[in-house]
Amino acid sequence: METLMVDRVHSSLRLFMHRNAVFLCERLCAQFPSETNVQLLATCYLHNNQPYAAYHILKGKKMPESRYLFATSCFRMNLLREAEETLCPVNEPNMEVPSGATGHYLLGVIYRCTGRISAAAEQFTQALTLDPLLWAAYEELCILGIAEDTDECFSESTALRLQQEHTSTSTLVKSNFANENRVLSSRVSASLGDISPKQIKQLHANNIAEVSGYPHVRPTALHVQNSSTSNVAQFDTPSPTAAQTSSIMPPPLFRNVHAYQNTVSGDAPTKQKTNGVNQPLRRKNIDEARLKKVSGRLFNSDSIPRRSERLKDTATNSNSNTSQFGGNGAGHSSGKLRVNSSTPSKLCSTAIRSMQVRKGKPRATENFDEGSRYEVIDEMWTDNISGISSSVSATDGRSFEQDKAERILLQDSKLALGIRELLGLFRTLGEGFRLSCLFKCQEALEVYRKLPESQFNTGWVLCQVGKAYFELVDYLEADRYFELAHRLSPCTLDGMDIYSTVLYHLNEEMRLSYLAQELISIDRLSPQAWCAVGNCFALRKDHETALKNFQRSVQLDSRFAYAHTLCGHEYSALEDYENSIKFYRCALQVDERHYNAWYGLGVVYLRQEKFEFAEHHFRRAFQINPRSSVLMCYLGMALHSLKRDEEALEMMEKAIAADKKNPLPKYQKALILLGLMKYEEALDELERLKEIAPHESSMFALMGKIYKQLNILDKAVFCFGIALDLKPPAADLAIIKSAMEKVHLPDELMEDDL
């Protein structure tokens with residue numbers, strides 16, 4: 001009963017019937033309250049999104065698996081301290097972390113959530129050492145910015161170790177399977193001890209007579225029964241055609257199966273009243289004569305294939321649910337095994353294996369007398385593959401040992417090739433992701449292009465390519481790859497928050513609105529969907545509504561750093577700098593390397609004219625992403641505000657070199673040169689800026705001010721006029737008009753408004 005219930009629970013979990021699994025497992029624990037069954041119940045609760053229930057039943061358990069499940073429950077309930085104490089008790093520092101690599105990974109996530117980055121990195125590295133294919137651990141190391149090169153992590157030595165581990169695991173499984181077969185064999189042998197071979201032969205003779213007398217009738221074997229189930233296994237033999245029965249006598253049914261069926265059911269056949277002394281010998285002679293007669297008919301016929309050829313065909317066509325058995329002619333009827341879903345697994349496997357093995361035996365071994373009963377039963381449990389292979393080997397003139405060695409070598413070579421191919425794929429994907437996390441986006445793109453087309457055209461890879469272009473401020477290319485990823489995998493929501501930001505920067509209001517509605521229709525409880533909705537309202541300058549949607553995203557996932565940052569941006573747009581700083585700091589608590597939050601804090605302090613704080617936060621962001629032209633530019637602005645013009649000018653040069661299409665560092669460089677009274681150099685820089693952004697009103701206003709300083713008044717008035725024609729923002733409009741009116745006044749009477 002316990003085995004059956006456990007099997008049903010696992011089946012329900014596999015079929016995602018979590019409520020049914022919980023119900024069955026609760027009954028199981030009530031009847032058999034072992035800690036292993038409690039672990040299974042906790043697993044059901046976790047699958048059913050009930051971590052509190054798993055927490056309650058596992059509290060105080062000491063087995064490693066119980067500790068891991070309890071820690072998982074605590075983590076889902078945000079009880080991080082209790083989860084850590086469960087995985088790594090303070091009073092028992094030498095206790096191993098349960099569940100191996102996954103346990104170390106969970107402990108690393110807990111350390112990262114509590115801000116202990118070095119300890120988290122150590123746990124992720126340990127998890128990756130135990131299981132090199134644990135991608136999540138390598139991904140976390142990349143996010144922390146401390147992942148090692150993929151050539152070292154997924155090296156040739158790793159492939160050899162994986163091959164050895166897989167080989168040892170396979171050997172252990174085969175050993176356990178053989179032990180199980182020996183146990184089952186001894187049990188069946190003991191159960192057959194109370195049944196005489198006479199009874200089995202009599203039952204077999206009745207079946208032969210029935211089939212021989214009525215060849216058009218479909219004979220059915222006995223049903224396997226026990227005290228708790230009925231109709232467990234049934235063998236239906238289809239009726240042979242007239243052409244098949246005309247030349248070949250139907251062979252007898254499988255005798256050992258009948259013996260086992262009657263043994264299990266406890267229903268022995270009726271004894272024949274014959275001479276007990278002469279019966280075994282007489283039956284033996286009859287069987288031998290019948291064997292010779294049938295064998296001669298079979299092997300002397302040219303129209304009938306040899307037994308070895310039929311064995312090859314039968315071996316390739318057999319599977320775990322149907323098994324054809326017994327036959328010395330091409331026209332004999334076949335049998336099928338039907339297994340009821342309520343059958344215990346061991347009983348089913350017993351019946352199946354017995355039929356498969358007997359199929360490969362010659363007829364001479366089917367004599368079932370008292371002197372050879374136990375030997376035949378032992379042979380009945382021989383491995384099916386070994387039996388078939390030995391028959392084929394005898395035909396081909398090769399020994400079984402040679403065939404087995406060749407098979408093992410072939411399997412090992414296939415395994416080694418598969419491991420190397422998988423590690424090669426991990427090397428490419430891992431290197432691309434590692435470079436992306438280090439914001440070496442151009443190098444990451446080159447690595448991703450090395451992937452085969454089948455791997456490149458997947459949602460995850462295309463989103464990573466889109467993110468790389470987003471960091472390179474190439475929004476058109478980012479849009480192209482994100483759109484392709486969304487088309488190929490429309491239900492993948494990871495990365496759609498960045499996609500919505502790309503559409504925000506491109507001012508694609510209609511497409512952004514459509515994307516937001518589509519994501520909400522797919523999953524209303526995903527934080528990415530509400531980020532897209534918030535970006536849609538932010539594009540319309542409805543900052544309050546946008547803020548509500550970003551806060552909804554934070555409520556759905558408090559560990560979603562980008563949602564915290566977007567909330568900070570909206571508060572900053574509303575000039576609520578206190579709340580803006582609060583959300584930026586929350587984002588940094590989730591992910592210390594989230595440079596967008598450091599940048600946001602720098603902008604807030606720059607607007608508050610706290611230039612030292614601004615310079616500190618911009619520099620922290622620049623250390624994380626040293627290739628961002630925007631961060632270099634803002635850092636230079638903070639340095640310029642601190643009167644460190646030479647450093648600011650150097651930083652602007654780097655920003656221009658990093659992204660020649662970015663107009664902001666060119667404009668800021670002209671401002672710094674103006675402050676240094678290098679007017680000609682400033683004008684040259686603005687002329688180059690005009691080629692990139694010819695419709696920027698602030699650029700023409702600055703050019704007008706420089707011409708005023710050079711006393712070229714007609715050009716100054718001309719530039720101020722163009723700036724007004726380009727419809728500047730309302731805040732700049734009054735300043736430009738005032739400067740234009742005072743263009744003929746002396747410099748000391750002009751206000752330094754521009």
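Cβ atoms here come from the backbone N, Cα and C positions, even for glycine.
TrEMBL: automatically predicted annotations, no manual curation.
Panel annotation: around the repeat 'TPR' (101-134), residues 68, 71-72, 75, 80, 83-84, 87-88, 140-141, 144, 146, 153-154, 158, 161-162, 422-423, 426, 559, 589-590, 592 of the same chain, lying at least six beyond its termini, place a Cβ under 8 Å from a Cβ of the stretch. The annotation repeat 'TPR' is assigned in TrEMBL to 101-134 (among others).
The annotation region 'Disordered' is assigned in TrEMBL to 265-285 (among others).
Marked as compositional bias 'Polar residues' by TrEMBL: 265-278 (among others).
The region 'Disordered' annotation in TrEMBL covers 297-343 (among others).
Annotation comment: TrEMBL describes 304-313 as compositional bias 'Basic and acidic residues'.
Marked as compositional bias 'Polar residues' by TrEMBL: 314-325 (among others).
What TrEMBL lists as repeat 'TPR' is 527-560 (among others). Long-range contacts of the repeat 'TPR' (527-560) within the same chain: residues 113, 493-497, 499-501, 503-504, 507, 509, 512-513, 515-516, 519-520, 566-567, 569-571, 573-574, 590, each at least 6 residues beyond the stretch ends and with a Cβ under 8 Å from a Cβ of the stretch.
Non-local neighbours of the repeat 'TPR' (561-594) in the same chain are 113, 115, 117, 143-145, 497-498, 527, 530-531, 534-535, 538, 543-544, 546-547, 550-551, 553-554, 600-601, 603-604, 607-608, 624; each lies 6+ residues outside the stretch with a CB under 8 Å from one of its CB atoms. Sequence annotations record features per position, and here TrEMBL assigns repeat 'TPR' to 561-594 (among others).
According to TrEMBL, the repeat 'TPR' annotation covers 595-628 (among others). Proximity of distant same-chain residues to the repeat 'TPR' (595-628), defined by a Cβ-Cβ separation under 8 Å and at least 6 residues beyond the stretch ends, is recorded for 145, 439-441, 471, 561-562, 564-565, 568-569, 572, 577, 580-581, 584-585, 587-588, 634-635, 637-639, 641-642, 658.
Non-local neighbours of the repeat 'TPR' (629-662) in the same chain are 472-473, 595, 599, 602-603, 606, 609, 611-612, 614-615, 618-619, 621-622, 668-669, 671-673, 675-676, 692; each lies 6+ residues outside the stretch with a CB under 8 Å from one of its CB atoms. TrEMBL lists 629-662 (among others) with the feature repeat 'TPR'.
This prediction places the mean pLDDT of the repeat 'TPR' (697-730) at 90. Here TrEMBL flags 697-730 (among others) as repeat 'TPR'.
Each residue of the repeat 'TPR' (697-730) gets a DSSP state, and the totals for helix, strand and coil are 27 helix, 0 strand, 7 coil. Mapped onto DSSP classes, the repeat 'TPR' (101-134) shows 27 helix, 0 strand, 7 coil.
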